[in-house]
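Asks: In case it's useful when we look at the structure, here is the feature table from TrEMBL:
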- His69: active site, proton acceptor (ACT_SITE)
- Pro165: substrate binding site (BINDING)
- His195: heme b binding site (BINDING)
- Thr196, Asp249, Asp257: Ca(2+) 2 binding site (BINDING)
- Cys38-Cys117: disulfide bond (DISULFID)
- Cys71-Cys76: disulfide bond (DISULFID)
- Cys123-Cys325: disulfide bond (DISULFID)
- Cys202-Cys237: disulfide bond (DISULFID)
- 28-328: domain 'Plant heme peroxidase family profile' (DOMAIN)
- Arg65: site 'Transition state stabilizer' (SITE)
Amino acid sequence: MAVQRMVLVYLQVAAVAALLAATGLRAQLRVGFYDRSCPAAEIIVQQEVSKAVGANPGLAAGLLRLHFHDCFVRGCDASVLIDSTKGNTAEKDAGPNTSLRGFEVVDRIKARVEQACAGVVSCADILAFAARDSVALAGGNAYQVPAGRRDGAVSRASDTGGNLPPPTANVAQLTQMFGTKGLTQRDMVVLSGAHTIGSSHCSSFSGRLSSSGTTAGGGGQDPTMDPAYVAQLARQCPGGKADPMVPMDYVSPNAFDEGFYKGVMANRGLLGSDQALLSDGNTAVQVVTYANDPATFQSDFAAAMVKMGSVGVLTGSSGKIRGNCRVA
């Protein structure tokens, strides 16, 4: 097992190098960016994420989601961390982001990093490291993260519109939204596997459970959903003002594994956008592959995270290093 894991890590590092060379980002983002300027940076991130996830396992999904929501709006520039002000409503207060978690963990990381090496490590890189460490702590592969991102100074709630995939999106919509970020349909399917950990509010999928919502079938329960699963979810989501949370992966909700894809194959994808992956021939093949080949899912996910982490980055003289991740 140790030899197999070493081989997987080697292949991931090689894939990262090939990807950065292909995208022209080698000189801008690189593994070991802080080796000289702040050698403790990644250690501090790992320590704080480990403490946070140890106390609350759900924060692994929260920190992973923070990185995703950051990169899909204005690029990976930590703009999702900026607080709203009297004159501006920031990204974090836009509808799709109000359930984001993990901000306090980032605050603790940033405070320690600033003590170790002030003005050196960006909030954007902290998000990328924290996402990687969250995946590893939940049982996924610990991949190498190229760093060197700098922080943005603009965060507007209005910028989230059309950039963050809604839970009702179909394959065509998902492919288009990921495509605008330079990510392929294949990247989209493997990054959807992040839903193997974490939970979703009932309001994100309740329309699939009864005739009160709009479904692909024109009313009634979503025909693509296992009826027994519908009944189970209906009990967990009784309606009313309360909006409980339900695990995204009913198979193994706290383990970063192939359980998400097994759930989709069993017509138990929680979100409409999850189950939609089985409706298209190309994406369905990928779902089946990952459900039956966990090692391929893990290595492909690591490569896709590195690729996503390079979306719209600010490097070199662009952007800044924010001393407080909440303040622009």
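The backbone N, Cα and C atoms fix where each Cβ goes, and this holds for glycine too.
TrEMBL labels come from automatic prediction, so no person has curated them.
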Asks: Residues with Cβ closer than 8 Å to the Cβ of the residue listed as 'substrate binding site', same chain and 6+ apart in sequence?
Replies: Phe72, Gln173, Leu174, Met177, Phe178, Ser273
Asks: When you average the Cβ positions of Thr196, Asp249, Asp257 for the Ca(2+) 2 site, which other residues in that chain have a Cβ within 8 Å of that mean position?
Replies: Gly193, His195, Ile197, Met248, Val251, Ser252, Pro253, Ala255, Phe256, Glu258, Gly259, Phe260, Gly263
Asks: Looking at the recorded positions Cys38, His69, Cys117, His195, Asp257, whose Cα is closest in space to that of Cys237 (disulfide bond)?
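Replies: Sorting the recorded positions by distance from Cys237 (disulfide bond), the top entry is His195.
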Asks: Take the Cβ of Cys117 (disulfide bond) and count every other Cβ within 10 Å, whichever protein chain it belongs to.
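Replies: Looking across every protein chain shown, the total is 15.
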Asks: By CA-CA distance, flag whichever of Cys38, His195, Cys202, Asp257 among the recorded positions is nearest to Cys123 (disulfide bond).
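Replies: That would be Cys38, the closest of Cys38, His195, Cys202, Asp257 to Cys123 (disulfide bond).
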Asks: Count, for each of the disulfide-bonded residues Cys71, Cys76, Cys237, the other C-beta atoms lying within 10 angstroms of its own C-beta, and report the residue with the smallest count.
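Replies: Least crowded of the disulfide-bonded residues Cys71, Cys76, Cys237, by Cβ count within 10 Å, is Cys237.
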Asks: Most Cβ neighbours within 10 Å: which of the recorded positions Arg65, His195, Thr196, Asp257 is it?
Replies: Thr196
Asks: Looking at the disulfide-bonded residues Cys123, Cys202, which one has the fewest other Cβ atoms within 10 Å of its own Cβ?
Replies: Cys202
